[in-house]
Amino acid sequence: MVRADLNVPLDGDKITDDGRVRASVPTIKALADAGARVIVTAHLGRPKGAPDPKFSLAPAAARLGELLGAEVALANDLVGESAKAVVEALTDGGVVMLENVRFDARETSKDDAERAALADELAAFADAFVSDGFGVVHRKQASVYDVAQKLPAYVGGLVDAELGVLRKLTDDLERPYVVVLGGAKVSDKLGVIANLLSKVDKLLIGGGMAYTFLKAQGHEVGTSLLQEDQLDQVRGFLAEAEKRGVELVLVDVLVTAEFGNVEHDVVGTDAIPADKMGLDIGPKSRELFASKLADAKTVFWNGPMGVFEIETYAGGTRAVAEALVKSDAFTVVGGGDSAAAVRALGLPEDGFSHISTGGGASLEFLEGKELPGISVFAKNEGDR
Ligand SMILES: Nc1ncnc2c1ncn2[C@@H]1O[C@H](COP(=O)(O)OP(=O)(O)O)[C@@H](O)[C@H]1O
Ligand SMILES: O=C(OP(=O)(O)O)[C@H](O)COP(=O)(O)O
């Protein structure tokens with residue numbers, strides 16, 4: 001059983017960036033080539049613990065089959081009759097996939113016993129477990145953490161390689177060290193900032209993340225993405241950043257009346273109208289961010305600077321990406337959408353030192369937090 005991260009961006013049922021599927025191939029292929037019967041488990045999006053066709057893994061299974069050159073049958077459930085039939089029909093060297101692990105509410109349950117019960121059912125399908133979904137190792141979830149305690153468990157090549165690169169950002173890194181944060185998973189990622197403040201020289205904040213900072217500084221943010229319940233925490237970060245001399249810079253944004261509308265204005269961060277939302281960083285911010293990145297020696301970037309999927313709001317993300325390509329620093333981009341953005345904007349992948357499949361996972365590793373999907377291996381002494 002291989003836990004992969006196949007959480008790919010979709011437009012309807014079309015994969016818009018298959019980077020995570022491609023990154024999952026080497027481990028799956030090596031096992032299949034060695035004659036194993038491979039059962040792939042993965043999640044897609046954040047369904048509410050029940051089947052939802054919008055979040056089916058069907059596009060990922062089809063793409064994985066194309067890349068492997070052999071069909072990958074997809075069960076239409078996780079541990080039910082369909083999964084049992086698909087696993088039973090497996091032959092040596094074959095690969096099958098179970099449906100989205102998050103269609104079962106026990107996957108993400110906070111209750112240890114509930115997760116363990118699902119892990120038992122998953123483990124009954126297999127003789128060994130390989131943890132290869134780097135983007136999800138920061139999640140204490142049944143298919144990532146609990147199942148690793150039920151079977152002989154091994155770290156896969158992708159997880160091993162990702163950790164190898166990220167260690168370069170924790171041991172003896174060259175300064176100035178700049179971290180760029182954006183994206184939409186604001187509440188998740190605000191949590192890492194407290195620890196990052198003691199490690200970085202500059203923190204550049206854009207994307208959906210920026211508006212909670214602007215609000216905490218006393219600005220009006222209109223209808224922009226806002227994590228109201230974390231404002232106090234962010235006020236604490238601002239005070240801490242000032243004390244430590246960590247710079248936070250954002251001066252203008254692109255605002256629009258309605259999400260997705262291409263009609264927009266550029267306004268200063270102190271002039272966001274009450275009925276508008278910010279969907280990208282503005283031209284002055286782009287220049288400022290690029291100048292802060294120009295003399296960096298180490299950069300980690302997670303989270304697009306704007307809604308890059310719409311060309312009108314892709315400029316901020318492009319500016320940061322181009323600044324990294326130009327830079328001779330050690331540059332790591334992490335996250336499903338950030339990696340997808342770099343490729344969608346046509347930037348050369350070799351313009352970055354590393355493009356990681358994990359955003360939240362990388363950030364939590366960099367802040368020094370224990371990652372459940374990794375620390376579980378310390379508990380299974382002897383397994384590797
Ligand atoms: N200002 C913004 N408002 C709303 N969404 C935003 C904004 N800026 C960026 N985004 C969205 O953030 C998403 C990616 O966020 P996230 O999942 O946190 O990044 P990653 O997958 O790289 O870790 C993109 O789909 C992008 O459209
Ligand atoms: O897309 C992911 O993370 P990322 O957006 O931090 O790169 C992973 O697949 C984890 O998904 P989750 O944040 O819903 O647990």
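The first residue you see is number 1, and the count goes up from there.
Cβ from N, Cα, C; glycine included.
Keep in mind that TrEMBL annotations are predicted by a computer and have not been checked by a curator.
If you look up TrEMBL, you'll see D5, L6, N7, R20, H43, L44, G45, R46, R102, R139 marked as substrate binding site. Around R102 (substrate binding site), taking its Cβ as the centre, 25 other Cβ atoms fall within 10 Å, counting all chains.
Reduced to three states, the DSSP call for S338 (ATP binding site) is helix. Around S338 (ATP binding site), the same-chain residues six or more apart in sequence whose CB sits under 8 Å from its CB are G183, W301, N302, G303, P304, G359, listed in sequence order. Taken from TrEMBL, the feature ATP binding site applies to K189, G278, E309, G335, G336, D337, S338.
Taking CA atoms as the reference points, E309 (ATP binding site) and N7 (substrate binding site) are 17 Å apart. Within 8 A of the CB centroid of the substrate site residues D5, L6, N7, R20, H43, L44, G45, R46, R102, R139, the other residues of that chain are A42, N100, G135, V136. Ligand 2 lies under 6 Å from the Cβ of none of the binding-site residues G45, R102, G278, S338.
For H43 (substrate binding site), the nearest neighbour among the listed binding-site residues (K189, G278, G335, G336, D337), judged by C-alpha distance, is G336.
Within its own chain, G335 (ATP binding site) has G135, G183, N302, G303, S356, G358, G359, G360, S362 as residues 6 or more apart in sequence whose C-beta sits under 8 angstroms from its own.
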